[in-house]
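Peer 1: First the structure, then my questions, so here it is.
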Amino acid sequence: MFATSGAVAAGKPYSCSECGKSFCYSSVLLRHERAHGGDGRFRCLECGERCARAADLRAHRRTHAGQTLYICSECGQSFRHSGRLDLHLGAHRQRCRTCPCRTCGRRFPHLPALLLHRRRQHLPERPRRCPLCARTFRQSALLFHQARAHPLGTTSDPAAPPHRCAQCPRAFRSGAGLRSHARIHVSRSPTRPRVSDAHQCGVCGKCFGKSSTLTRHLQTHSGEKPFKCPECGKGFLESATLVRHQRTHTGEKPYACGDCGRCFSESSTLLRHRRSHQGERPHACATCGKGFGQRSDLVVHQRIHTGEKPFACPECGRRFSDRSDLTKHRRTHTGEKPYRCELCGKRFTCVSNLNVHRRNHAGHKPHKCPECSKAFSVASKLALHRKTHLGERPAECAECGKCFSHSRSLSQHQRAHTRARTAAAVAIQSAVGTALVFEGPAEQEKPGFSVS
């Protein structure tokens, strides 16, 4: 039961008597010992399902009772499983650990980042004088000025960095800094001889500056994905990618926009969103001139002009211009609905539909009509509503020519035609059947009539 002194010193005092493996907690040891002796399973009295642990059985029984026992003490959000609550609380703890700047209120994830911010933004920086032209600059601007205004070989400053790059004007105070910088030129020029400490992949020949980067790259060849999601079992190459993926299950969005308050699950998504406030759209379409904040969005947009649909569904052959559209479409074949509302339990095929559904619970309707101030939770519903003000009726019925402002009303109208045709067919069939009943005996009385 109890481990050796070495295991105790390592913080694992509970040892398995069968294999000698040590654990930090007795509860973990008990679960491990069940793997040696019998199944030791726990059975649900309502449906007969068996669980490996008592905690799993309790979580399973809550699905019958519809309970949501685990409530976040910070924001009041409720969860069915304690594991999801732990992930959610980790986001609160991460935000609490951030270091705020007392001068401007900006927050940073750790103390070194805060100190660097204060040194760059709030502490008065002593100006540095260029020894060649006597102009004064900040430290970072001085290095840039010397590289541009005084090229290699023109400086006589004894305090200048002694290690200069042979490919560009940059200089470094240590040889290690120069060697690290030289990897940039190696990656940019494949014909240039590689530096001695470059790491090459034996499968595809690609080179990397660090062995750790090469190790991660080799996993792409082997297909190894060591970090598994406990909710859906999906594997990932890096733990950071797994953490971002788990936010799709918990609904956690720790990155908030300071301009409009909108929250995002990833910092990169927040940066792209902030460009919409700044009006920054550097990637323009050469065909129609529409601008985009990210190049990948431009590539997807250009497929509208070219008609390219490179992503095909293996089930039905339908093609799509965007991979994410294919992923959502394939769920219609599998019936998979991985995104679940934590308030009512309703499930959805994509996270965007879940976010729209959540607005119904919160009563949040951010899209307002400029004509009548009516608000909607989805922009598409606002677009349909505005057609009533503009008088647009682009959807025309092929049978009677009646026009409608949107296709949904046209579909409802066409069902009326279908019902009318069905009722007419039933009436005709009934009339024909009645006529046959009355004509049958009269025809049988005619001479020479026989029934086969």
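Cβ atoms are placed via backbone N, Cα and C, with glycine included.
Not my notes, these are from Swiss-Prot:
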ZN_FING   14-36  zinc finger
ZN_FING   42-64  zinc finger
ZN_FING   70-92  zinc finger
ZN_FING   99-122  zinc finger
ZN_FING   128-150  zinc finger
ZN_FING   163-185  zinc finger
ZN_FING   199-221  zinc finger
ZN_FING   255-277  zinc finger
ZN_FING   283-305  zinc finger
ZN_FING   311-333  zinc finger
ZN_FING   367-389  zinc finger
ZN_FING   395-417  zinc finger
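Tell me about the surroundings of these features in the structure.
Peer 2: Distant neighbours of the zinc finger (99-122): none; no residue of the same chain at least 6 beyond its ends has a Cβ under 8 Å from one of its Cβ atoms.
Model confidence over the zinc finger (128-150) stands at 67, taken as the mean pLDDT rounded to a whole number.
When the zinc finger (199-221) is classified with DSSP, helix, strand and coil residues number 11 helix, 4 strand, 8 coil.
With DSSP states grouped into helix (H, G, I), strand (E, B) and coil, the zinc finger (283-305) comes out at 11 helix, 4 strand, 8 coil.
Tertiary neighbourhood of the zinc finger (311-333): same-chain residues 300, 303-304, 349-350, selected by CB-CB distance under 8 Å and a gap of 6+ residues from either end.
Across the zinc finger (395-417), DSSP classifies residues as 11 helix, 4 strand, 8 coil.
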Peer 1: Using a Cβ distance cut-off of under 8 Å, indicate which of 199-221, 255-277, 395-417 has the most pairs with the zinc finger (367-389).
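Peer 2: Of the candidates 199-221, 255-277, 395-417, 395-417 scores highest.
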